[in-house]
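First the structure, in the form of structure tokens, and then the observations on it.
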Amino acid sequence: MAWFGYCLALLALTWHSSAYGPDQRAQKKGDIILGGLFPIHFGVAAKDQDLKSRPESVECIRYNFRGFRWLQAMIFAIEEINSSPALLPNMTLGYRIFDTCNTVSKALEATLSFVAQNKIDSLNLDEFCNCSEHIPSTIAVVGATGSGVSTAVANLLGLFYIPQVSYASSSRLLSNKNQFKSFLRTIPNDEHQATAMADIIEYFRWNWVGTIAADDDYGRPGIEKFREEAEERDICIDFSELISQYSDEEEIQQVVEVIQNSTAKVIVVFSSGPDLEPLIKEIVRRNITGRIWLASEAWASSSLIAMPEYFHVVGGTIGFGLKAGQIPGFREFLQKVHPRKSVHNGFAKEFWEETFNCHLQDGAKGPLPVDTFVRSHEEGGNRLLNSSTAFRPLCTGDENINSVETPYMDYEHLRISYNVYLAVYSIAHALQDIYTCLPGRGLFTNGSCADIKKVEAWQVLKHLRHLNFTNNMGEQVTFDECGDLVGNYSIINWHLSPEDGSIVFKEVGYYNVYAKKGERLFINEGKILWSGFSREVPFSNCSRDCQAGTRKGIIEGEPTCCFECVECPDGEYSGETDASACDKCPDDFWSNENHTSCIAKEIEFLAWTEPFGIALTLFAVLGIFLTAFVLGVFIKFRNTPIVKATNRELSYLLLFSLLCCFSSSLFFIGEPQDWTCRLRQPAFGISFVLCISCILVKTNRVLLVFEAKIPTSFHRKWWGLNLQFLLVFLCTFMQIVICIIWLYTAPPSSYRNHELEDEIIFITCHEGSLMALGSLIGYTCLLAAICFFFAFKSRKLPENFNEAKFITFSMLIFFIVWISFIPAYASTYGKFVSAVEVIAILAASFGLLACIFFNKVYIILFKPSRNTIEEVRSSTAAHAFKVAARATLRRPNISRKRSSSLGGSTGSIPSSSISSKSNSEDRFPQPERQKQQQPLALTQQEQQQQPLTLQPQQQQQPQQPRCKQKVIFGSGTVTFSLSFDEPQKNAMAHRNSMRQNSLEAQKSNDTLNRHQALLPLQCAEADSEMTIQETGLQGPMVGDHQPEIESPDEMSPALVMSTSRSFVISGGGSSVTENILHS
């Protein structure tokens, strides 16, 4: 088995030596050998391998000048180290460098050479081989370029723990140490580059891009990382395509069609130059311009793409370049290259031919004749000349390298070349650490050190992982746990050189991976030249920017970057472009007309200064003034009959409550505060209840006095002044209790209402409890209803007491106002709620004031003749006569029915005649006037002791039984004469009938003396007279003052019933008669 392994190793080495001839490698002996993998060519020639004969090795095509420069950088670094006394003294580094042709197959051929040589060296087969010279093991490999190539190489080298230090492979997949154990690199991870690309797109506010990636281990992971970063930044990708340098024409055209039809103007490309070149050629052929290319580092400075004939397509490209380094002496080293001097560099011959477009004869020592063409195979060589060199002129060998412009001499921005230089020095410093290792301080078991003369690849890998040194630029070089060397990026922009028309790469910014997020990117926009030589940033968005005041609205079925601009709703705003959502204004603010900002809402309430508030205030003040004026009039004329008849004390209290009603309306005007909200409803409710309570007590007392059948001492006791005030207090106290409960359980408070109107804040009072408010108004209306009932019943009282009629009107007004108030209150909002209540308060208050008091004030001020005791007595007597007359007219029908039942004759139909004459012309004789003036009012005791006096009649009519009642005033006499055509035998029936009739008359007598109970009338068969002394006529609500004494010379009106069952009025003048007739 051992011999079988030896044979495999020998076969691999033999095969590899035949595959790579002398012209296909750069090699130099040394104590320690470093391997190198560089893309000297961009690809290989496609051949149809039909396997009819032995397959031949593919031929590399399309020379890569930058690849040759990178190779030169490795050779320069090795020679510089060999000449340095400080680094690896007494040791020489050698190299074996192969061309990968930018393909995996060629790279693996070279890698097999490294692995096979190491295997042979480890087997120590020199004693079995007839070898002319010993080739040491390759302890480290520098390369490769593309991530796909490096991935394949790393898988193979990792099996033998041969360290691989790449200078250009940036795929993030290579950071996986579980798979790529021996891989390290001097270029940053693509993860940072993808993040930087997304940051650039976000910086220019682009959100609609396309992506193109090479279909390899470099393009796919890179573009996948970009997608992740783009999604975090709300960047949408319109299309995503994969390309390769081996893609056929149809595939390339399909990708170009997608690019041409897309609305995305920015295209992100993760690819190498060779993979992208076929696509760019087709785009140039179709002349598709106006695109912004965002280039990854692999092609950002590619000479295949950065060609002047492509500039109208790729001009303005933004790319990422590695940080340029300084390599002292490298420029001179590049200029010294010559095929006859570079004996260890087998690639120099082809470089010379490609640079000067000539053919260099093999083995030539001097210049060859110009214009000599070679059409056959050269001696000593088996290589078939390709079409690019077959008909070239021979090279003289004296060509000047500085006379031509090639990427090889672009040494101003050394990026990849510096990475190669740094990779070589990293390996050298690892070897230096081994060389200077002291026993006990080593990295191996028990602190042991490796032997530099017998060093193995895995030992170098161990030291590379712990490497830490300072390079020639003063930077610290160390590999992280993933084998990556963190670095920064330069941002370059493709310009057209005005000097020679070539494409130059202008540095317009940088990306610092060490900085904080948001501070990593710096771009100088003034230096950027966009496609078409424009200085304006191109637009690459699916939708136009949404200006301030709008937001982005999602379009169904489209990516999130494709949106429509939706205006912010009222109450919301957006102060920036492309806002994803509108911000809601604070509660006290509202959006302006353009929805770009918030402005303070208008605050509205029933203000003192607005016209409506001024009008209501003036009406309230007018009401207060009128009420105060009426109160003043009543106080000034407090001793007049009209004022006395209205119960002065309750009238004063009623006017005071009206003052409070008018004043309470002012609490509803002005900005509501907590204290005004808690005061206004109770003030309104208590004031109105006090007012209505006064009216209720007055009205009810008048009704009870005038309709009481027997006004006994019980009535006089309980309807005194104190009881009246007590009833007013009790009615008002109930309202006070309601208000206290309301304020304790749910007190009203000021409230800023934002919901009624969007742009206005209504400052109103929150009532706390609608039930409490309803109870307050309901109790007020209940008292008003009771008051209305009694007032309606009292509407026909004497004229001087007919304020009940006006109270009825005022209550009607009150109900109309408050019934209208309820729907108006419920249907209004804002300040109009307060206005409606103020109007209701004022209307009800004016109604009460006008109906109850204006008529009296008018009489007091403008009709003083009606403000006399005679007027009051006449009105009272008229009411009494009307009641008595009604009772008298009803009685004959009753008597007739009773006579019929007893078998008596039917009485004649009563007739009546009414006449009005002076006292001297009375048809019926008047009783003699009393010689002594009687007191107008008697004490309670005197009223109880004084009997009714019977006086003889002045005229006798014996043929008719006659019962006569005579009522004597201090100023005259009123005589009631009642007669019936009844037989003598029915005297007892007559007596009973007269007693019943006297009860009807007592209703009238009650109006004459309400403080004195009337005894039943005493009637005999003969006429009789009853005289009652006048106690003075007073208003129905007054009980604490003495009436004035009138002169006895004036005769008061009298009602006299004749023998023919008619009645006449005696005395009082025609006006009284007319009033009675009217009644």
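Using N, Cα and C of the backbone, Cβ positions are placed for all residues, glycine too.
In Swiss-Prot, the L-tryptophan site is described by Ser147, Ala168, Ser170, and among Glu277, Glu282, Glu297 the residue recorded at this site is Glu297.
What Swiss-Prot records for the Ca(2+) site is Ile81, Ser84, Leu87, Leu88, Thr100, Thr145, Ser170, Pro188, Asp190, Glu231, Asp234, Glu297, Gly557, and among Tyr489, Tyr510, Tyr652 the residue it adds there is Tyr489. Of the given residue ranges 411-434, 435-458, 675-698, 699-722, Swiss-Prot assigns the label region 'Intracellular loop 2 (ICL2)' to 699-722. Between the stretches 355-375, 460-480, 880-900, Swiss-Prot puts its region 'Interaction with RNF19A' entry on 880-900.
Checked against Swiss-Prot, the domain name for Phe347 matches that for Asp674, so both face the same side of the membrane. Residue with Swiss-Prot feature N-linked glycosylation site, selected from Asn82, Asn541: Asn541. For Cys236, the cysteine that Swiss-Prot lists as its disulphide partner among Cys546, Cys561, Cys562 is Cys561.
Comparing the disulfide-bonded residues Cys437, Cys546 on other C-beta atoms within 10 angstroms of each C-beta gives the minimum for Cys437.
Between Cys395 (disulfide bond) and Phe68 (phosphate binding site), the C-alpha separation comes to 19 Å. Contact between the region 'Cysteine-rich (CR)' (542-612) and the region 'Intracellular loop 1 (ICL1)' (637-648) is not supported: fewer than 3 Cβ pairs lie under 8 Å, counting only residues 6 or more apart in sequence. Residues of the same chain lying 6 or more positions beyond the ends of the transmembrane segment (649-668) and with a Cβ under 8 Å from any Cβ of it are 606, 616-617, 620, 623-624, 627-628, 630-631, 634-635, 643, 676, 679-680, 683-684, 686-688, 690-691, 694-695, 697-698, 721, 724-725, 728, 834-835, 837-838, 841-842, 844-845, 848-849, 852-853, 1037. Between the CA atoms of Cys562 (disulfide bond) and Cys437 (disulfide bond) there is a gap of 63 Å. The Cβ of Cys542 (disulfide bond) lies under 8 Å from the Cβ of Asn207, Trp208, Cys236, Asp238, Thr263, Ala264, Glu558, Pro559, Cys561, Cys562, Phe563, each of these being in the same chain and 6 or more residues away along the sequence.
Taking the mean position of the Cβ atoms of Arg66, Gly67, Phe68, Arg69, Trp70, Arg415, Ile416, Ser417 as the phosphate site, the remaining residues of that chain whose Cβ falls within 8 Å of it are Phe38, Leu71, Gln72, Ala73, Val420. Site extent for phosphate: among the recorded binding residues Arg66, Gly67, Phe68, Arg69, Trp70, Arg415, Ile416, Ser417, the largest C-alpha separation is 14 Å. Taken through DSSP, the region 'Intracellular loop 1 (ICL1)' (637-648) splits into 6 helix, 0 strand, 6 coil. Sequence-distant contacts of the transmembrane segment (723-745) (same chain, six or more residues past either end, CB-CB distance under 8 Å): 647, 649-650, 653, 678, 681-682, 685-686, 689-690, 692-694, 696-698, 701, 768-769, 772-773, 775-776, 779-780, 783, 1037.
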